[in-house]
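Student: Have a look at the structure that comes next, please.
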Amino acid sequence: MRKKIVAGNWKMNLDYNEGVSLFSEIVNMVKDERKGDQLAVICAPFIHLNSLAKLGGTDVAIGAQNIHNKESGAYTGEISAKMIKSVGVEYVILGHSERRQYQAESDELLAAKTKTALANDLKPIFCIGETLDERNNGSYYEVLKKQLVHGIFSLTEEDFRKVVIAYEPVWAIGTGLTASPEQAQDIHAFIRSEIEANYGFNVADDTTILYGGSCNPTNAASLFAQKDIDGGLIGGASLKSRDFTDIIKALNS
Ligand SMILES: O=C[C@H](O)COP(=O)(O)O
């Protein structure tokens, strides 16, 4: 059975004290709202991870927002999978469109990062999504399929089962424009059918597929009501404890 997850992505926000304070609020609020089979995750900047992992307990898991693809070595300024694992991190976001765009991360690099994450017992939250141009010119199914095939479809079934997929249309990220529940469901069903074609029905049925892109307390329930949407990857709204908790509540409605 697939897990329902609401993951917050703080991106490059919050200094150390602000992060610890927001996280403590979130932990307190989430423990009253989260049902047993649901999971809350906070993906924070590197400087927060060690402290948050100690505060999170069983109610909120911790994720990073990036790792290097190599295990270790002369890569000044980089952080390895083993380093974040050693402080208690469980998840790592890979393939976010902001890194694909601003750091020019290719599908091939992301495939390597995914393998490194898995080799270090981290669960990737692997993001895919189309730009507005690709949505408008109708090439989006092809674009999404390519991101899946080159990014994660060469994984063994055992490894693939540890991956969470996040569909994040680039045109909906931080714009206030959300994919309609029908648009999002259409893509989630497409992603699940591609997984089924590659790994079979049971794997597809067990894979958690999150929606991300201007998801907020007002629109979360209608998105999460769609049969192939298993939760959300939340940017802006994860920076407010009340909003993030209300989005978790929407998993129950
Ligand atoms: O990783 C999160 C997504 O990029 C969504 O961000 P947003 O909720 O601010 O649109």
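In case you wondered, yes, glycine gets a Cβ from its N, Cα and C as well.
Remember, it's a predicted structure, so these values are computed and weren't measured experimentally.
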Student: Per TrEMBL, which of SER139, SER154, SER214 sits in the substrate site along with ASN9, TRP10, LYS11, GLY174, GLY235, GLY236?
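Tutor: Candidate in the recorded substrate site: SER214.
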Student: Measure from the Cβ of GLU168 (active site, proton acceptor) and count the other Cβ atoms within 10 Å, all protein chains considered.
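Tutor: I get 26 for this one.
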Student: In Å, how large is the greatest distance between any two Cα atoms among ASN9, TRP10, LYS11, GLY174, SER214, GLY235, GLY236, the listed binders of substrate?
Tutor: 14
Student: Need the DSSP three-state call for GLY236 (substrate binding site) to compare against my parser.
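Tutor: Note: GLY236 (substrate binding site) is helical by DSSP.
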Student: So which of the binding-site residues ASN9, TRP10, LYS11, GLY174, GLY236 sit close to ligand 1, that is, with a CB under 6 Å from an atom of it?
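Tutor: Only ASN9, GLY174, GLY236 meet the Cβ criterion.
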